[in-house]
Amino acid sequence: MSIYQEFVNKYSLSKTLRFELIPQGKTLENIKARGLILDDEKRAKDYKKAKQIIDKYHQFFIEEILSSVCISEDLLQNYSDVYFKLKKSDDDNLQKDFKSAKDTIKKQISEYIKDSEKFKNLFNQNLIDAKKGQESDLILWLKQSKDNGIELFKANSDITDIDEALEIIKSFKGWTTYFKGFHENRKNVYSSNDIPTSIIYRIVDDNLPKFLENKAKYESLKDKAPEAINYEQIKKDLAEELTFDIDYKTSEVNQRVFSLDEVFEIANFNNYLNQSGITKFNTIIGGKFVNGENTKRKGINEYINLYSQQINDKTLKKYKMSVLFKQILSDTESKSFVIDKLEDDSDVVTTMQSFYEQIAAFKTVEEKSIKETLSLLFDDLKAQKLDLSKIYFKNDKSLTDLSQQVFDDYSVIGTAVLEYITQQIAPKNLDNPSKKEQELIAKKTEKAKYLSLETIKLALEEFNKHRDIDKQCRFEEILANFAAIPMIFDEIAQNKDNLAQISIKYQNQGKKDLLQASAEDDVKAIKDLLDQTNNLLHKLKIFHISQSEDKANILDKDEHFYLVFEECYFELANIVPLYNKIRNYITQKPYSDEKFKLNFENSTLANGWDKNKEPDNTAILFIKDDKYYLGVMNKKNNKIFDDKAIKENKGEGYKKIVYKLLPGANKMLPKVFFSAKSIKFYNPSEDILRIRNHSTHTKNGSPQKGYEKFEFNIEDCRKFIDFYKQSISKHPEWKDFGFRFSDTQRYNSIDEFYREVENQGYKLTFENISESYIDSVVNQGKLYLFQIYNKDFSAYSKGRPNLHTLYWKALFDERNLQDVVYKLNGEAELFYRKQSIPKKITHPAKEAIANKNKDNPKKESVFEYDLIKDKRFTEDKFFFHCPITINFKSSGANKFNDEINLLLKEKANDVHILSIDRGERHLAYYTLVDGKGNIIKQDTFNIIGNDRMKTNYHDKLAAIEKDRDSARKDWKKINNIKEMKEGYLSQVVHEIAKLVIEYNAIVVFEDLNFGFKRGRFKVEKQVYQKLEKMLIEKLNYLVFKDNEFDKTGGVLRAYQLTAPFETFKKMGKQTGIIYYVPAGFTSKICPVTGFVNQLYPKYESVSKSQEFFSKFDKICYNLDKGYFEFSFDYKNFGDKAAKGKWTIASFGSRLINFRNSDKNHNWDTREVYPTKELEKLLKDYSIEYGHGECIKAAICGESDKKFFAKLTSVLNTILQMRNSKTGTELDYLISPVADVNGNFFDSRQAPKNMPQDADANGAYHIGLKGLMLLGRIKNNQEGKKLNLVIKNEEYFEFVQNRNN
């Protein structure tokens, strides 16, 4: 029996079951006759327009409300003080002070906005559908805008004018539930949390720092060069922009023209919160063009630029100012280059032309083109005329890519910086920094989001001091790499000339000729041009400082460099959406899966199923001959199933579902029993009224209006519960639920009683209705009847039904209804998808078809029916999405992990560890070990199936990936891999689940960050996080279809072995029986001795090599064994491992993978024998080794760099445990350290209870880390927090001591 036998019904969870709907009888004919589909299709299109209209209203509201927000000067000044201190010192306390300063301002703004009357209606039905006799806020605003002659919608808008907008909004009167999700999304716009799309974030996180930087520049400029700006001319030219209503410094309310000094008063930042204020401020900085005038009216930046040229002082450019970001949802907030969905070829070429014309016409604040600006910037950078301490590289994959590109080694820059920073922080303790020093080093290296160019320059200079001349990595080579950027612009310009001819060819609207094979050359030309532009952006990306990340670091930047660079970068960044839209257009599928919601003239369709609500929600469920049906009543005939109709039409045929629900007992019971019309019937006593008035029956409830809240009284609570019990027994409907309540004295709170009511306040019964009556109302168009359908209900269905079918059937099963596990929920939805491709028979019935799966022993199949490719898109389809609750009566899963750990502590001796690794030769590999670490089972998940047929998914996915990779590069149609992946994963998850139950196993994965998961293997094989998520969700509610319906593991008693999934970040290191252990040192570790390579030999120079080899205790030739031995203590190389002393040997051979010039530089493999390599090397340099004595001194006495380069290479070969041969499945592990019997582990000769290859070794050692956790769980003291963190030294000690 499984130890998890009682881990059932632990918590409830919700699922949405999805089915097709098949119209019955005259249903489809009647629907079309009434135009119901057309009505809902129009409503779906109008909904998109309505969202645009509501966004316009949000713009208006934001503009209006922010014009009256006033952030106190004290708060602004405090923010400023901390901000500038933080630029000088990255102190943790200052970071906290800065966060506090931000949060205080955000809170003040948020409270002001939320207190406004208009805000209260922004997200409820009153925005669109006001109370009777009143006009909604939205309608009123539209009418006022029309009366005031305000033009809300531009010429190219989807909405013609305000009259159309009014008609659209009025059409949603009574349909406001449509906007529930949209309103939730728009609430983020007003959030005070760190959400970049919030107006408060835009003010405090984005624009306030920019304003403060500009203020500081203005004050410095006035001090250094007061004559640079013509103040009087600006005041004259930009009088409109300098006019403000309020001077927040003096609190003067008087519309007047401000001086520049007043513009930069910190209190007057309040004038630049909304878009009109931002536009004014930006114009003051950048100037403006005025119709009819030949010259531009200069802003501050132009004056700085002119003065800098006049006195020939480029240093003044640092005073140029940055414009503020546009306010969220403003017309100008979105990028200037807006790309809609591309509908035809004309859209493609027109959009491309617009993009390149805009790039060519774009001018920076210096009135220069993008090419000219970047050329000058990078020329100055190459000449190192800029302050390198204030220019940064992004410290991510961009930096390692740059290192590879410039130095042909991805690790050079990172290694140089690490060594340099370590030397700065721990000069006396380089090999073994203290914990505090390690934290500081990490903060300035791998954890730093940006590295200054000065740091990189100094690091490389220091790095080169210890490297041979031909191994030098010069900083200048990095700068030269960017100086070549103008050449890329020239190449783009050449290819852009071809675009004109292509545009002419494809300018006709409505055509999709670019999707045809004949357009392949033109598609390639388009792609080449976009690729070049995209590559340019990627090259520049390393300099780009993300706005949100800058807030965390408060980088001290070269303001002029970033001012003009970011202008260019953001303009070029429009290539990303353009590229994606055009690629998606070219590679689009021939069919569309777009669907829209059906309402059948009822805004509350299927909102609930309660019998009393049937006339309102007009949706009813039926069962007939083990098939399920959904009926939708015509809105005008919504009483065709009232009690009278049911009574008159009883008979054989259909069973109608009668649904009764007592929802929200805490609100429903008092609402009913104390309502004005019912209070006499339920007749509460004076004592009960007293209890209710003062809320003494609740701990935190509210008293009735006009009464004071008295302290909770348990006796009053129980009196109130007895009143509720008596009243329920009187209620005409609720008395039939058959409530079985606990003894009143057992309740300790009113909430306990409410929970009992809700758990029993759900009831499904059935009424028989004659088939003739149903047929009659369908034929008359009073009822639209659909069969609820999936493949399990097909006459051709074979095998077991899927879980959604089992769940659906369980809803109506008497065994479920006796003690409810599955509950049917409201909020169901119906959808419609139109046919998008013609129906064409791919394989006629009764004709043999070759099986695609080469692993299938049956080579051909014959079907009794025609096969049609993508058949589901060749027909109009109806769909039904229905939510349900599983484990309806169960409570939450607050301490689920603790419960699991307590069980494992009690049953530790019966538990196995199932560890899963993501392999290089395996999609996934598992190892099952017992409580002593012995391997019980191990195998690959490459091949899944049964004895009749197994499928090699590794090969199938690899083949598809290869095709997809080629198609992606050439913009060809991409084969769908998603369904195969999910089919594969569902089978893997099922196999894991079986092992878990059979062996009482916990599951262990490596805790890899998302980037590592995405980057370690080919992208298309990145099934692992999906595997983890699918496994978690499977173990949320684990049903084995073979198990009996009401037995453990069956539909009614599913295992629950993981906590509900939210996000991987929130999940931490455990979710139920799944644990995450640190990644690293799992596949490249000796499974017998526990040896891991932490030497990492690397040739840099003769002196460094001499120093390195001198640290070995002994280097000699073993005369008895015939191989070389290197003895050392890790402590001499830095304290990195639990066991210090090791002897590694040149035993055996290794496989080296390399680019073979004789094979067109493709990957190839050669076998090398380290012992022979060393023998030859030592002989070549006349070093005697045959005596068996230590030769360390002779080695360190050499001075030839070729000698040490080769010796280092051979030592790396000896340390190479993992060996794989290109193009084959060969992937073995060989250890350089002998065990106590003098044997070297080699997975090719390993017994079945040891890892069989390198991937198996990875899974095995993940399992050993899991075994460590199991030991901690077993020994954990009650009440003490379980430590799930495994440090490397703890892990090394564990594995190295296991076999000793």
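Positions of Cβ are set from backbone N, Cα and C atoms, glycine also.
Mean predicted confidence for the region 'Wedge region 1' (1-24): the pLDDT average there is 95. As annotated by Swiss-Prot, region 'Wedge region 1' applies to 1-24.
Under DSSP, residues within the region 'Binds crRNA alone and in crRNA-target DNA heteroduplex' (47-51) fall into helix, strand and coil as 5 helix, 0 strand, 0 coil. Sequence annotations record features per position, and here Swiss-Prot assigns region 'Binds crRNA alone and in crRNA-target DNA heteroduplex' to 47-51 (among others) based on experimental evidence.
Under the DSSP three-state reduction, Lys131 (site 'Binds target strand DNA') is assigned to coil, being neither helix nor strand. There are 9 other Cβ atoms within 10 Å of the Cβ belonging to Lys131 (site 'Binds target strand DNA'). Look at Swiss-Prot and you will find Lys131 tagged as site 'Binds target strand DNA', backed by experimental evidence.
Here Swiss-Prot flags 182-186 (among others) as region 'Binds crRNA alone and in crRNA-target DNA heteroduplex'.
What Swiss-Prot lists as region 'Binds DNA in crRNA-target DNA heteroduplex' is 301-305. Residues of the same chain lying 6 or more positions beyond the ends of the region 'Binds DNA in crRNA-target DNA heteroduplex' (301-305) and with a Cβ under 8 Å from any Cβ of it are 221, 228-230, 234, 285-287, 316-317, 319-321, 365-367.
According to Swiss-Prot, the site 'Binds DNA in crRNA-target DNA heteroduplex' annotation covers Lys320 (among others). The Cβ of Lys320 (site 'Binds DNA in crRNA-target DNA heteroduplex') lies under 8 Å from the Cβ of Lys217, Asn301, Ile304, Asn305, Val365, Glu366, Glu559, His560, Leu563, each of which sits 6+ residues away along the same chain. DSSP classifies Lys320 (site 'Binds DNA in crRNA-target DNA heteroduplex') as coil under the three-state reduction.
Annotation comment: Swiss-Prot describes 326-329 (among others) as region 'Binds crRNA in crRNA-target DNA heteroduplex', evidence class experimental evidence. When Cβ-Cβ distances below 8 Å are used as the criterion, the region 'Binds crRNA in crRNA-target DNA heteroduplex' (326-329) is approached by residues 55, 58-59, 62-63, 66, 189, 197-199, 202, 273-275, 278 of the same chain, each at least six residues removed from its ends.
As annotated by Swiss-Prot, site 'Binds DNA in crRNA-target DNA heteroduplex' applies to Ser334 (among others).
In the three-state DSSP scheme, Tyr410 (site 'Caps the crRNA-target DNA heteroduplex') falls into the coil class. Within 10 Å of the C-beta of Tyr410 (site 'Caps the crRNA-target DNA heteroduplex') there are 16 other C-beta atoms, taking all protein chains into account. Look at Swiss-Prot and you will find Tyr410 tagged as site 'Caps the crRNA-target DNA heteroduplex', backed by a curator's inference.
Residues annotated as site 'Binds DNA in crRNA-target DNA heteroduplex' in Swiss-Prot: Lys589 (among others).
Sequence annotations record features per position, and here Swiss-Prot assigns region 'Wedge region 2' to 592-662 based on an author's statement.
Residues or ranges marked as region 'PAM-interacting domain (PI)' by Swiss-Prot on the basis of an author's statement: 663-762.
Annotated region 'Binds DNA protospacer adjacent motif (PAM) on target DNA' per Swiss-Prot: 671-677, in sequence order, evidence recorded as experimental evidence.
Taken from Swiss-Prot, the feature region 'Binds single-strand non-target DNA' covers 692-704.
Under the three-state DSSP scheme, Arg833 (site 'Binds crRNA') falls in the strand class. Close to Arg833 (site 'Binds crRNA') in the fold, though at least 6 residues off in sequence, lie Ser592, Asp593, Glu594, Lys595, Asp876, Lys877, Phe879, each with a CB less than 8 Å from its CB. According to Swiss-Prot, the feature site 'Binds crRNA' maps to Arg833, an assignment based on experimental evidence.
In the three-state DSSP assignment, the secondary structure recorded for His843 (active site, for pre-crRNA processing) is strand. All protein chains shown were included, and the count of other CB atoms within 10 Å of the CB of His843 (active site, for pre-crRNA processing) stands at 16. Per Swiss-Prot, the feature active site, for pre-crRNA processing maps to His843 (among others); the stated evidence is a curator's inference.
Recorded stretches compared: 1-24, 182-186, 592-662, 663-762, 1079-1254; the one with the most Cβ pairs under 8 Å to the region 'RuvC-I' (893-953) is 1079-1254. Here the candidates are the recorded positions Lys131, Tyr410, Lys589, Lys869, Thr1063. The one whose C-alpha lies nearest to that of Lys1026 (site 'Binds DNA in crRNA-target DNA heteroduplex') is Thr1063.
The separation of Lys589 (site 'Binds DNA in crRNA-target DNA heteroduplex') from Thr1063 (site 'Binds DNA in crRNA-target DNA heteroduplex'), Cα to Cα, is 31 Å. Here the region 'Wedge region 1' (1-24) has Cβ contacts under 8 Å with residues 31, 629-630, 778, 784-790, 804, 807-808, 821, 825, 830, 877-893, 896, 899-900, 903, 907, 910-911, 996-998, 1000, 1036-1037, 1048, 1053-1057, 1060, 1073 of the same chain, all six or more residues outside its ends.
Sequence-distant contacts of the region 'Binds DNA protospacer adjacent motif (PAM) on target DNA' (671-677) (same chain, six or more residues past either end, CB-CB distance under 8 Å): 684, 692, 723-724, 727, 731. Comparing Tyr410 (site 'Caps the crRNA-target DNA heteroduplex') with Lys131 (site 'Binds target strand DNA'), their Cα atoms are 66 Å apart once rounded. Here the candidates are the recorded positions Lys131, Lys589, His843. The one whose C-alpha lies nearest to that of Lys869 (active site, for pre-crRNA processing) is His843. Under 8 Å from some Cβ of the region 'Binds single-strand non-target DNA' (692-704) lie the Cβ atoms of residues 670, 674, 684, 710-713, 716-717, 719-721, 749-750, all in the same chain and six or more residues away from its ends.
According to DSSP, Lys1026 (site 'Binds DNA in crRNA-target DNA heteroduplex') is assigned to a helical segment. Note: the CA-CA distance between His843 (active site, for pre-crRNA processing) and Lys589 (site 'Binds DNA in crRNA-target DNA heteroduplex') rounds to 21 Å. Counting only the Cα atoms, the space from Lys131 (site 'Binds target strand DNA') to Lys589 (site 'Binds DNA in crRNA-target DNA heteroduplex') is about 47 angstrom. All chains included, 14 other C-beta atoms sit within 10 angstroms of the C-beta of Lys1026 (site 'Binds DNA in crRNA-target DNA heteroduplex').
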